[in-house]
Amino acid sequence: MVGRCEGPVWVIDDITNCVQRDYLKVLLPLIVVGISFLLIVRQAISRAIRSRRTSSKYKSIPSETGANGDYEDATVGEEDEDEDILNMNGGGRLALAKSTTVGSVSAIDRPRAQYMMMVIEILAIAAVLVINIAAFILHAYGSKGTLATIAGITVWAYILAIASLRLFVSNSRWRFQGLWDHTAALYSLLWVLSIIIFRSAIIHPRSSISQILVITEFSLVSFLFALTITTRKGNKAVVLEWESGIEPSREPLASIFSLMTFAWVDAIVWHGYQKTFELSEVWNLIPKDKAQNVLANYRQFKKTTALAFHLMKYFKGMVLVQCIYAVFSGFLTFAPTLLLKAILEYIEDPDSSPRNVIWLYVILLSFTDILRSLADGQALWIGRKICIRLRAIMIGEIYAKALRRKAAAASDTTLGDKKDKDDAAARKTKDERPGLVSRLTTFAKKKEAKKPAVDQIPDAPVVKAVKAKAADEQVNVGTIINLMSVDSFKVSEITAYLHFLLAAAPTQLIVAVYLLYRILGLSSIPGLVVMAILLPVNIVFARGFGKYQKQTMAATDKRIHTTNEVLQNIRIIKFFAWEHRFSKLVDEKRAEELKALRKKYILWACAVAVWNTVPVLITFFSFLMYTVIEKKPLYPSTAFTAISLFSILRVPLDQLGDMIAHVQESKVSVDRIEEFLNEEETEKYEQLKHDNVDNEGNKVIGFKDATFSWGGKEKTGEEASEAFRLMNLNINFVIGKLNIIAGPTGSGKTSLLMALLGEMTMIKGQVNLPGGSNREDARIDPENGLAESVAYCAQQAWLVNATIEDNILFATPLDEQRYKDVVVACALKRDLEILDNGDQTLVGEKGITLSGGQKQRISLARALYSNSKHILLDDCLSAVDSHTAKWIFDNCIRGPLMNDRTCILVTHNLALCVPQSRYVVYLENGKVDIQGSAGEVVASGKLGDDVQKSRPGSSSVSRIPSRVPSSVGEESATLIDEVNGSEAADLRLAKIKSREKGEKKTDAMEEIKSVGEVKWSVMAVYLKSMGPWWFWILAAMVFGVQQIGSLGANIWIRQWANQYTVESTRAINGASVYGNYVGHVASTIQMASSSLSKVQPYFDSNQSSIIAMVAPDVDVSYYLAVYAIIGIVGMLIAFFRDIWLFFGSLTASWAIHQRLMKAVTRAKFKFFDVTPLGQLMNRFSKDLEAIDQEVAPITVGVISCALAILVTIALITAITPGFLIAGVFISIMYFMVGKFYLSSSRDLKRIESVQRSPLFQQFGETLSGITTIRAYGEEQRFIRDNTHKINTHNRPFIFLWAANRWLAFRTDVIGDLVAFFAGAFVIFSIGSIDSGSAGLSLSYAISFTEYVLWLVRLYAMNEQNMNSVERIKEYLDVEQEAQAFIEETQPAANWPSEGSVEFVGYTTRYRTDLDPVLREVSFKIKPREKVGIVGRTGAGKSSLALALFRGLEAEAGKILIDDVDIGLIGLQDLRESITIVPQDPTLFTGTIRSNLDPFGLFTDEDIFTALRRVQLIGVPALTTEPSTPRPGTPTLGAPTIEMPAPASPIDSGSPTTNKNIFLNLSSGVTESGNNLSQGQRQLLCLARALLKNPKVLLMDEATASIDYTTDSKIQETIRELKSTIITIAHRLQTIVDYDKVLVLDKGEVVEYGHPHELLKREGESAVFRGMCETSGDMEALVMAARTAWEAGGSVDDD
């Protein structure tokens, strides 16, 4: 009967014949063949059924399959389906575009000698078949071997059939999936079985003929096996896609051998070794890993459960394969322990069996570890694949959701509140949102499984108990960026290690517990109990970490939020000389953060201490019970094996505690993401989904009985009155003509456009606008080339970080002529001539490189260039000077490019625009006050006197102008009536495009990544920050003592063992030095020092040798006691060591942050012009986090590993000196592998860090421009961009991990050489070596690999962290401004008492390589004079303002204020004494009060006076009060103003008017003041300046976004001020009645005098007069100037 074998399987030195014959030759091969046959039959049947079904259905055209159709992924164990053609239609409106990218080339790559190889393979199979037939005929295997030969013939005939089928199918149209996999699996199994048979034939040959047959068969099977694993997986053609020149990954081309050993990564490592890696040289992802394919695939997977489980279900296949590998590796972990036991038994009794057996053990020692290493490598690699796919899904979904979020909400949601509802009220103040950039790679970062809340305003008042989530709450932008940067990274990071939790740890636990029970019997129980207690203790530690980590993250968040605001508003902070105060604010937050971090570090040190005591405790209790209670003699054999197994057992236990905590933490993140994904979306697509056709079939744009709110629909009572509303709108805009929306500041003009775009909540009624569909789907009208779509130009210009040309084209095709016309019409031509790179200039983040006017005009040009029929312009004339405004109005808004297009324009410049418009809507506090044709509205008198005076202009201006007003005085618009005008135009336009060949765009903003090794100077920065020389001396001593102590424990055990006579020595190391660097990468360096040994012999208690039975009486308690003392002392030293280093680390963190903050806040203005905020914030968040949380623990790890390696080498050499020879060669191999790995991994890591910025930046950019993107219908394109950026970030990331696995496998193999040679030298010294020493030597040798692997890896991580220090150091050395105080030249306390300002021959430039921006400027302003500064964009007006505040330093000349040279005094003295109202209104998160008076220097009364002076509060228009506000008497704290407040009767929850929020000083101001209109923000900044009551006030276009009426009132206020006022103005009305006007052009003074005198001038030199003429308001201006001149005699007499 087959399979009936009696007795043991292994006899002396070989497997019994019966087992070999029945199992290895008959049963196993036949079972596998049977399974293979059934699978093929099943596949054929299912294919037949499917083809029958699909033949009746429509067949899709396989156009896009290119890269995906005939493609098998290289990751082992994924279902390779040929029908994997991606269906891209999931995801609704925001579906993904197809996966092959524009500009990609596909090529088919066939394996070399594809058919030749198949033929050779078939011949080899035939030869094996022949050998089996020969054996059958010759009865070579004896009488019992007949069945075996028949089985052999059957198996090989089957394999021959499959191989032949493969050859025939490869050329036909028939496809059989996976035949190659069948043959590969069969060869592998048969090869493993034949090794065993081959070894038997060598050591116990039966007959010479059978030996020859076995050896020949073995050679052929090995050849087939080698052929299979070294040819390409599947041996078939692969489609490679070259996407925009990026080389495709070699992974699909790799063989099984190459995939398992990561040999396909050699090319990457070699490239990185030869030269520095650049992004363009990093391979592309394989198609299955690309974000668009992953997302398309994921979106077809129906979601039925919570997101976390949904994702688990989606990835279940890959996770399962990962777990199978993990279980396999879990079992193999114990192989070294068991083999070591066998080797030592042999050394004790060398005559028990032949010498070949011990060689088998030593070879297996290395071989099993290589197998474990292969399995681990695959499990982790699959984990990384899941990681990048999951990250693509998370970021892609968050991004698509962000594109659909509501434009604004009344309040911020706190993610996770729903969970925390019960204890929320109590905890609300403490709980913060999770951190900015947190990564899993450190054990330290464990978080509690509670959901973090968000605390946006740094010192916000305590919020009331959380209400149920209101309809119009949504998370703020910071939180979304957090979800993308922190949460998605954290979740994707944990998935890479899930197999530890699900498979590896459980497997190891079960095996270790079983083996322990076999050895110690009942005495293993106390040890296991202590272990069991350890698990919850671990979880408690993890929870503690979670708690402190959460506190740290919360504190980090607050610090980053404050830092972000400081940096966003750095200009105003520098102008007001507030750097010191704001730095102190940030420092307070930093101190909080480090306090939380300190707690975490102390807990960490405690955890390390516990970890180090546990082995001592366990051994102690187990042995106590064994000797005292069970009264058994404790032989070393039992003792050391038990110690060894307990050590192994500790690893999975720790991993479990660790992973459970991490998984809980990730679950929190997934839930946060899910909550965000379930948020309400914009109603835009519902509101605008019908065509803009009314019931009669006419096209309409406008509103019908509509009411809109910025709040939600369900709001009632108090809350409803908070949100701004537009009430009862009935508006019908004239299609194809110019429509104007007008009204005072804050009346709802922008809101009206938003309502039209579908961005507000519609309470009732309907809105019509053709904007609900995707731009790419819009129908184009063949007559005029315009599409039924919308273009929108926002009030705050929104630009993408690309070239000017890219911004204007906005991804539409370039039409040269149209482009030139647009540039001219938008008055951009001169700007493009001035800029170095013309329209190829990069605008930078948020358009940082351009002036406000340029940004506005580029945004306008984008709308004009688009093919949209309907254009919405929000106050696009405010940011430009008056003659440019006139030019733009005539040539752009009324020009030929606007023919047939609807234009809806919000503007304050009514005198210019209304007369030529077709329809006017005038708003007042959210309601339409009056609407109708221009004539009707003007006649009503609502628009003021200016408009009625200006005559309706002629519309004859529609011819294309030949050029832009290039300098002010010349006749501005020469039309193409002159001869040759157009030629001149072409000549000038030629300069717009600076696209000469060979000119390379350089981006001042580009983030620099360092190359080569991290410099020593960088290390020095960190090390010096940690502490002085004595700090380091003590640290070195502690490390040394700790290593010696650890070795001491092992030597003590050997001594003990050797007490039992030399022969019975079975000593083995108890707790080897090497830390828990096993397996668990996720918690990288938990405790750099834990002593744990993974490899000990395992003795069966029944097999103790006779000598041990009669062992001498040894004083066990003495040895145990000393062992315990050594353990406890070691623990204390480890505790002290960690505390000491962490103390140094915190000192360094504080010092480096201090220096960085100081360096950045004191940097020159130009530094902020060329440095994007994102890069700065990257330093303050990501890089500082690395310094705070990663440098210290990793440094501990590096030092421990290095010392452990030295100890190991010394020990092995001491025991077997011959090892040194092999050691030298092995060290060289290690060094080479490490060197290769380090150079490539360092580059890839740097690229990955730099690529993270664009991903974050695009996210931030999208969120700020969401209304513009949706208005243009460009969501799909931005999604494509986003997937591209995800891919670009994933590329260096995945290949960095590939290099990591490459390293791990190679260090494992070299490490196994160490074990092999140590074993070999032990065999050579048999007889002269006692088994205690042999055990010590071997167990150290086995753990050697781990050290080296971790040394290289941690060293690499340390370099990467030093990369953070390096990036910070780059900013520590930026150029600083002059000193804040200079005692010798400090001016008088009341300076400037008069306020005279004089420029004397002043020249300055931004950088030495640029032209001067001000040349030889000289003029004098008398005390209390009001001076206006005018000039074209780029004339040097803002530079003059900067010069006055020493934002630019003088190159020649000087500036005197009250006869003090400002170049000689301290900056703080200067800036505190004069005041500026900047062009961009900057506000801080907080309240109105904290914005006006951030440091609490003024009373409420003062503040209200300032608000009244800028018209933000005053007597409401609704009442018939006198128009001058009565002085109010506000009481502190509760501002009650004695003025009738706007009536707001709250009846049925629908308010009739909107409340004035400025009446309450504690009204909130959101980030950058987004909840206020642009005009209100400017007024608030003006009020802030007036509060200081300065002697010199500089206003830089401070009232550009304010309606003319309010502006004129403010000018009255300003005229009453007893100070010198310098105003930079676009609106000539503002300054025409000032005392003087200074006209600048190209940085030089052109005219300076009273406006009335300047207006009298004639001819070329009369620049100011020319400006007034082009503004279209000449009469009014002349009159105002004359009036001022006549009244002005008095000023001079003052």
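Using N, Cα and C of the backbone, Cβ positions are placed for all residues, glycine too.
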Region 'Disordered' per TrEMBL - which of 758-777, 1518-1537, 1558-1577: 1518-1537
Chain residues outside the transmembrane segment (494-517) and at least six past its termini with a C-beta under 8 angstroms from it: 315, 319, 322-327, 329-331, 333-334, 379-380, 383-384, 386-387, 390, 440, 524, 527-528, 642, 645-646, 648-649, 651-653, 655-656, 659-660, 662-663, 665-666, 1079-1082, 1098
Confidence summary (mean pLDDT) of the domain 'ABC transporter' (701-950): 85
The transmembrane segment (147-169) vs the transmembrane segment (209-229): 3 or more CB pairs under 8 Å: no
Proximity verdict for the transmembrane segment (1218-1238) and the transmembrane segment (1309-1329), three or more C-beta pairs under 8 Å: yes
Positions whose Cβ lies under 8 angstroms from the transmembrane segment (26-45), at least six residues beyond its ends: 2-3, 147-148, 151-152, 154-155, 158, 162, 176-179, 182, 185-186, 189-190, 193
Candidate ranges 118-141, 209-229, 319-344, 1309-1329 - greatest C-beta contact count to the transmembrane segment (356-375) (under 8 angstroms): 319-344
